[in-house]
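J.: Here it is, the structure, as structure tokens.
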Amino acid sequence: MTMSKSTQPTAPKRIVVKLGGSMLERLNENHIANFKRLQKQGTDLIIVHGGGPAINKQLAENGVASTTIGGIRVTSKEAVTIVQSVLVGQVNPTLVHQLNKGGMTAIGLSGYDNLLTCDFLDKETYGFVGEIKEVNNNLIETLLANGITPVISCFGCANDGTPLNINGDTVASKIALAIKAESLLLVTDTPGIKINGEVQQVVTASAINNWIESEDIYGGMIPKVTAALDCLAEGIPSVQIVGESLEGTTILQQEVFA
Ligand SMILES: Nc1ncnc2c1ncn2[C@@H]1O[C@H](COP(=O)(O)OP(=O)(O)O)[C@@H](O)[C@H]1O
Ligand SMILES: CC(=O)N[C@@H](CCC(=O)OP(=O)(O)O)C(=O)O
């Protein structure tokens, strides 16, 4: 796990690691050893996870169709119940168990646990998808102060308790901003942003915007780069999109060579 190549050795004080659904199946001892090493160096670690492939499977098994727009799942009332049971009932406890078995002290949470305050993003277009209005920092801070790693699934609710599906990258970025993380690491199934088949080591915000326009960046990569750019724009110093080796693309806000 590197920070940007030029600022390597010191461990960040706070890091949000987002584990994508496909990555979860490949999580191994080395990853957990990396997380533990960071904690030993004094880093506060917060883990956010998705679960796209597991959700797809469960929706298909239940004969519930779903589509995505710009990487965001259009979530019907029927689908949101399935998403909740997969993320909160299956994926989260499995991951928490794995981390604890590996020697960490981790606890499972979702946005539903009084952690995220949400509204509907746009009910007509996306259905039961949440837009995060507020993050309850106190809960996260209390856990971190006690050496406990919060493991947060990307699911929340409206004020009246209506369950809402939220993209994992979006949850990770909002939490990173709320707790003033120094680093956001988005771990996925591709070793960084690829353009014409080549992994890009360092990219800028303007290059990303051009690649979205040219559709070299599409689907699930869109919420990732949006999350990355939001964090950089609001002052988080380091954002990376990495594959399972935890090496990949570093994203810079500024055109450093301009
Ligand atoms: N330019 C790009 N470089 C790499 N992957 C891309 C790019 N554009 C779109 N993608 C797609 O984004 C996917 C990662 O997003 P997603 O499947 O949502 O991952 P996760 O479950 O980790 O959030 C890749 O597997 C790939 O299909
Ligand atoms: C609204 C929305 O898109 N929710 C996502 C939540 C899971 C997720 O983000 O999983 P990954 O991290 O594996 O992509 C979904 O239903 O797939």
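Just so you know, glycine gets a Cβ as well, placed from its N, Cα and C.
Predicted automatically and left uncurated, TrEMBL annotations should be read as such.
What you see is a predicted model, and the numbers here were worked out from it, not measured in a lab.
Copied straight from TrEMBL:
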DOMAIN    13-239  domain 'Aspartate/glutamate/uridylate kinase'
SITE      Lys18  site 'Transition state stabilizer'
BINDING   Gly51, Gly52, Arg73, Asn165  substrate binding site
SITE      Lys224  site 'Transition state stabilizer'
J.: Cβ within 8 angstroms of the Cβ centroid of Gly51, Gly52, Arg73, Asn165: which residues besides those meet this for the substrate site?
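T.: Once Gly51, Gly52, Arg73, Asn165 are set aside, the remaining close residues are Gly21, Gly50, Ile55, Asn56, Thr75, Val83, Val86, Leu87, Cys154, Asn167, Gly168.
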J.: Looking at the binding-site residues Gly51, Arg73, Asn165, whose Cα is closest in space to that of Lys18 (site 'Transition state stabilizer')?
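T.: Closest by Cα distance to Lys18 (site 'Transition state stabilizer') among the binding-site residues Gly51, Arg73, Asn165: Gly51.
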J.: Mean pLDDT over the domain 'Aspartate/glutamate/uridylate kinase' (13-239): what is the value?
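T.: Here the mean pLDDT over the domain 'Aspartate/glutamate/uridylate kinase' (13-239) amounts to 96.
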J.: Under a three-state reduction of DSSP output, how is Arg73 (substrate binding site) classified: helix, strand, or coil?
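T.: Looking at the DSSP assignment, Arg73 (substrate binding site) belongs to a strand.
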J.: Among the recorded positions Lys18, Gly51, Gly52, Arg73, Asn165, name every one whose Cβ is found under 6 angstroms from ligand 1, counting any of its atoms.
T.: Gly52
J.: Sort Gly52 (substrate binding site) into helix, strand or coil using the DSSP assignment.
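T.: Gly52 (substrate binding site) sits in a helix per DSSP.
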J.: Quick one: Cα separation, Gly52 (substrate binding site) versus Lys224 (site 'Transition state stabilizer'), in Å?
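T.: Rounded to the nearest whole number, the Cα-Cα distance is 13 Å.
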J.: Hey, how far is Asn165 (substrate binding site) from Lys224 (site 'Transition state stabilizer'), Cα to Cα, in Å?
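T.: Cα-Cα distance, Asn165 (substrate binding site) to Lys224 (site 'Transition state stabilizer'): 16 Å.
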J.: Test of understanding: give the count of other CB atoms lying within 10 angstroms of the CB of Gly52 (substrate binding site).
T.: 23
J.: Using Cα coordinates, what distance in whole Å links Lys224 (site 'Transition state stabilizer') and Arg73 (substrate binding site)?
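T.: The separation of the Cα atoms works out to 14 Å.
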J.: How many angstrom lie between the most widely spaced Cα atoms of the substrate binders Gly51, Gly52, Arg73, Asn165?
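T.: Per the listed residues, the maximum Cα distance equals 12 Å.
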